[in-house]
Amino acid sequence: MNAPVDVTQTTFKNEVIEADTPVLVDFWAEWCGPCRKLSPLLDEIAQEMDGQVKVAKVNVDNERALGAMFQVMSIPAVMLFKDGKKVDEFVGVRPKSEIVSKIQAQL
């Protein structure tokens, strides 16, 4: 069973940029209501697509530099990385099926 990994500025390169599989990165904060709605969906995706995609979470309150680096203006902001490059992104809560489709397009 695969669970999302918490990513910091220190671990971002190793966990996301150098990953062998696509990585779905969730930029979130504890006080964000929509983030709390999205989180269980991403947990399910991490478990169901284990080995195909990694789900990473960046707490923007703790990792402001990462949020700034990727110009995160609203949260939840979700970015999909493949081969070290951002290939897709969305802001806000989306249906699980839509998120899975975005991932499958990169497999």
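Glycine is no exception: its Cβ is also placed from the backbone N, Cα and C atoms.
The following features are taken from TrEMBL:
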- Cys32: active site, nucleophile (ACT_SITE)
- Cys35: active site, nucleophile (ACT_SITE)
- Cys32-Cys35: disulfide bond (DISULFID)
- 1-107: domain 'Thioredoxin' (DOMAIN)
- Asp26: site 'Deprotonates C-terminal active site Cys' (SITE)
Which of Cys32, Cys35, the listed active-site residues, has fewest other Cβ atoms within 10 Å: Cys32
C-alpha spacing of Asp26 (site 'Deprotonates C-terminal active site Cys') relative to Cys35 (active site, nucleophile), in angstrom: 9
Residues of the domain 'Thioredoxin' (1-107) by DSSP state, where helix covers H, G and I: 37 helix, 27 strand, 43 coil
Pairwise Cα distance for Cys32 (active site, nucleophile)/Asp26 (site 'Deprotonates C-terminal active site Cys') [Å, integer]: 12
Those residues of the chain, 6+ apart, with a Cβ under 8 Å from that of Asp26 (site 'Deprotonates C-terminal active site Cys'): Pro4, Cys35, Leu38, Ser39, Leu42, Val55, Ala56, Lys57, Val58, Pro76, Ala77, Val78
